[in-house]
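What follows is a single structure, written as structure tokens, with notes after it.
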Amino acid sequence: MAGAGERKGKKDDNGIGTAIDFVLSNARLVLGVGGAAMLGIATLAVKRMYDRAISAPTSPTRLSHSGKRSWEEPNWMGSPQLLNRDMKTGLSRSLQTLPTDSSAFDTDTFCPPRPKPVARKGQVDLKKSRLRMSLQEKLLPYYRNRAAIPAGEQARAKQAAVDICAELRSFLRAKLPDMPLRDVYLSGSLYDDLQVVTADHIQLIVPLVLEQNLWSCIPGEDTIMNVPGFFLVRRENPEYFPRGSSYWDRCVVGGYLSPKTVADTFEKVVAGSINWPAIGSLLDYVIRPAPPPEALTLEVQYERDKHLFIDFLPSVTLGDTVLVAKPHRLAQYDNLWRLSLRPAETARLRALDQADSGCRSLCLKILKAICKSTPALGHLTASQLTNVILHLAQEEADWSPDMLADRFLQALRGLISYLEAGVLPSALNPKVNLFAELTPEEIDELGYTLYCSLSEPEVLLQT
């Protein structure tokens with residue numbers, strides 16, 4: 001009665017709030033925990049829609065401080081934006097109000113007839129089995145028709161990359177013999193047969209040779225910036241080996257080897273010193289440096305409608321640490337080198353699949369294709385998806401092809417959980433949060449898109 005009295009003064013309230021509260025408070029007795037949770041979600045949605053309908057349009061509680069729609073306005077309002085933390089909190093709070101312990105109810109005063117648990121469980125299991133089989137039947141055709149790259153296209157793109165790599169290697173040896181470099185080599189998902197949809201990008205690693213006694217790497221978490229997964233490369237022993245003792249002293253900024261300055265050095269070589277049109281005519285390609293901001297990227301047209309982008313990526317190795325000049329998303333960290341984990345991640349994934357003929361790589365490629373084809377999921381990277389699969393591989397042992405649908409759904413749920421926490425630890429280096437460079441708004445949008453797909457995951461395969 002107290003609840004009803006409090007709601008009495010609400011504008012135009014006809015008692016629906018009291019009815020909803022009564023339904024929610026007794027749902028546990030009739031439906032059980034799972035049914036009560038689902039009823040809670042549905043009832044909360046109806047209740048909010050009703051409240052929104054009877055509230056004044058200018059009500060300040062309907063908009064966030066920024067004026068944007070928030071989690072209080074779900075997807076039926078036509079907003080593609082992700083649910084924010086306010087609605088997550090509201091939804092969690094609403095579900096938490098549902099009783100979950102049978103001891104909380106007085107069974108002497110209210111003993112409704114219990115449904116047959118065995119029959120109900122059997123119906124639920126049958127429905128889940130049918131949904132899983134339906135999804136399983138759709139995942140493999142999606143991979144064949146949408147994700148997999150035709151073998152011919154993949155071979156031609158690889159050959160174009162090999163030709164460009166050979167030309168650059170010859171140029172560097174002939175024109176820049178004093179530059180201490182190891183041989184350049186190809187890397188990336190195309191090279192590792194993990195690229196999807198179209199063969200359109202590959203990395204060309206340019207390894208710098210650094211004197212081990214003149215340089216050291218400092219983990220980002222040990223600096224004032226506190227950025228795990230990144231390193232500073234410090235110039236050592238300047239009192240014994242003055243500036244100029246190392247070729248790469250010319251790229252030192254503030255006592256540290258600057259990846260940006262190194263990249264600028266190679267940009268002059270890639271864009272200014274090499275006659276790419278002449279090389280392209282010799283190889284029967286159209287080659288040109290990509291426009292800014294892709295300063296260290298070549299665009300190669302190897303067929304009339306086929307383009308390959310080759311990223312030049314300077315790299316340094318100090319001890320067991322391999323770093324690449326791939327900048328942090330925030331400009332304030334442009335003096336940091338990124339820890340290279342991709343080769344080790346790919347090797348672990350391949351080794352796991354080879355050991356049991358599993359479908360981990362297949363599941364990863366389907367997820368990558370979905371993200372590449374869905375603009376709302378475009379901020380998810382191959383590294384993040386790979387680590388979701390690696391974490392799941394530690395929890396689940398059976399990765400036979402028949403389990404593809406189950407593992408796919410588990411990967412989606414796991415990804416949503418990581419997004420909700422805002423943390424995706426690297427499977428190889430747990431100190432590294434792979435979501436650290438995403439903004440809260442991007443995390444919300446990604447989480448909402450995936451959250452909405454859980455009820456009907458086939459929608460993701462239709463993009």
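Every residue gets a Cβ built from N, Cα and C, even glycine.
What Swiss-Prot records for Ser55 (among others) is phosphoserine.
What Swiss-Prot lists as phosphoserine is Ser59 (among others).
Per Swiss-Prot, the feature phosphoserine maps to Ser79 (among others).
Look at Swiss-Prot and you will find Ser94 (among others) tagged as phosphoserine.
Per Swiss-Prot, region 'Dimerization' is recorded for 49-195.
Sequence annotations record features per position, and here Swiss-Prot assigns region 'Disordered' to 57-79 (among others).
The region 'Disordered' feature in Swiss-Prot is assigned to 104-123 (among others).
Within the same chain, residues 183-186, 190-191, 202, 204, 274, 279, 283, 285, 287, 298, 300, 302, 308, 310 sit at least 6 positions outside the region 'Important for interaction with DNM1L' (160-169) and bring their C-beta atoms closer than 8 Å to a C-beta of that stretch. If you look up Swiss-Prot, you'll see 160-169 (among others) marked as region 'Important for interaction with DNM1L'.
When the region 'Important for interaction with DNM1L' (234-243) is classified with DSSP, helix, strand and coil residues number 0 helix, 2 strand, 8 coil. The region 'Important for interaction with DNM1L' annotation in Swiss-Prot covers 234-243 (among others) and rests on similarity to another entry.
Per Swiss-Prot, the feature topological domain 'Mitochondrial intermembrane' maps to 1-23.
What Swiss-Prot records for 47-463 is topological domain 'Cytoplasmic', and it gives sequence analysis as the kind of evidence.
What Swiss-Prot records for 24-46 is transmembrane segment.
Same-chain neighbours of the region 'Important for interaction with DNM1L' (234-243): 213-218, 249, 252, 255-257, counting only residues six or more beyond its ends whose CB sits under 8 Å from a CB of the stretch.
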